[in-house]
Amino acid sequence: MASYDYKGNGQYESSAEPVEVGQTTRLKKRFGFHLAVDQEPSSFAATPAASNADFDPVPPSNRTWGTWAFVAYWMADAWAVSNWEVASSMIAVGLSWKMAIGACVLGNTIMGLVITVNGRVGAILHTPFPVLARMPFGYYFSYFVVLSRCVLATVWLGVQTTTGGQCMTILLGATWPSFKQIANTIPEDEGITTQGMIGFLLYFLLQIPFLCIPYTKVQYFFGFKSIIAPIIFLAVFGSTLHKAGGTISHSTVITDGSKLHGSALAWAFFANLNGVLGNYATLGLNIADFARYSKKPSDQNVQAIVIPCIFSKFLPPMSIGERFVDSFAAIVGLLGIFTAAASQTAYGEVEWNPIVIVGYWSASGSSAGRAATAFGAIGLIIVTLGINISANSISAANDLVSFCPKYINIRRAAKFLAFLGGYTIFLGPMTSILMTDYYIVRRGRVSVPDMYNFHGMYRYSARWATNWRSVVALIIGFAPPLPGFIHNIESGIRVSSGGQNIFAIGYIYSFVSAGLFYWIFMKYFPHKESMLDHADTGEDIIAEADQKRRLGEA
């Protein structure tokens, strides 16, 4: 095994002999592959186990994401079934549709700022989130932070795959009407039918090649989805509104105001705002996994504008029947509200799920209706593929470099969704500590080579390899909202109203408190060994190795 010696100034010396072309291991000779992955020539890793080609700083030739790539990315991410339905839960708990849209706008604006500021770290250093996490948390505890993010990405991957499976089931039923006659052999309490299981498995197989698109090329798929998705969702809205006679003014979704008043209304608003923040709290934490591919740091700054503008839009007065709506509203969520309102007249019930509405198109059994459903289902399949690539698979892939995949069986949907929404109390403080460490504590003066050296300056403790300051700050951030989080999952556990209210502002509270206490700990109990007077990004080493690699391929 090769040995790696740290020479200082971000340079490592390896005793490994170069591998000649054609040299293979016995495993590769026998089965055609080997378990060990190739390592970038410019890698700073002190041992081969510390990094691989995907984990290393992105070389200049692979920095392919410009400003429009980030616009396409968020266009692809905004047009999603989950964002279409986001207002439904808010209206269900008693908010009016206008307050629901207000929560969406405010939440997306806040997350746009968090994502942009945190993303700039990855755009400057070109390193993935799991490596950056070693800087404030230490090498060992960073694994806990990475695992926390990885579990959520893996679970959401499953959720979106389930949504894609529903789309596939609709597509199969429209293409082959006999598919709907398949008898169900799965128990009812499992929450899925035999038809649904077939659709799920086929969608699962379909998405595999899409998940293999190289990260440096995936922005082209985002651009394609950003064109297809609006067409499909606008078609769902337009067809439902047309069937409703062009009016939504008689729907209870629009006519009913807030069912709550006073402090109950205020805390309900904050609780739902917290849910909106939680929707993208994961990307707020690991946005470096994407921003690291920026051509230059300023390219990703567009996210601060594009996220609120894509998820939100100023709508001029528009006629809906005899009513006028003039609102600053989240466009995707607004279309979801208007479509649900129109569906009450069109189909006799309020329907929030666009997949179900697409299925209604073929209810008559006509060829035109079946074709419309088929094309609509294909469009929604593309939508869910884009979400799984943009928000889940890339993040999970980076996180799983050091961990084995986990398989999670989900049966109780309500408690599961409560868990996902409440997970923000852990992601918020992690994001805040990462940002505080880079911008305030170190002022950008960090060493990328030491992030890859397990015995470098970010080890903090020879035995525990953990920064106790970040651990304590993290606990201070998530501990107060934790009882409310537990109550949100299991309502039978009694928690005071104060505890529930803290959880209602869980992301904001945990973000501010953890960042503040981490700064205090690092100021009064500094770790002087990791404080530098200049930044060491190792950019010259990366660029030189990248140039040699390209010349070798020419």
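Cβ coordinates come from backbone N, Cα and C, glycine included.
Range with TrEMBL annotation region 'Disordered', chosen from 1-21, 169-189, 232-252, 484-504, is 1-21.
Per TrEMBL, the stretch carrying the note transmembrane segment among 270-291, 314-335, 468-489 is 468-489.
Stretch with the most C-beta contacts under 8 angstroms to the transmembrane segment (222-241), considering only 65-87, 99-117, 367-387, 501-521: 65-87. When Cβ-Cβ distances under 8 Å to the transmembrane segment (367-387) are tallied for each of 65-87, 197-216, 501-521, the top count falls to 65-87.
Long-range contacts of the transmembrane segment (65-87) within its own chain (CB-CB distance under 8 A, at least 6 residues past either end) are made by residues 97, 100-101, 104, 163, 219, 221-223, 225-226, 229-230, 232-233, 276, 279, 290-291, 293-295, 299-300, 302-303, 306-307, 310-311, 330, 332-333, 335-337, 339, 352-355, 380, 383-384, 386-387, 390-391.
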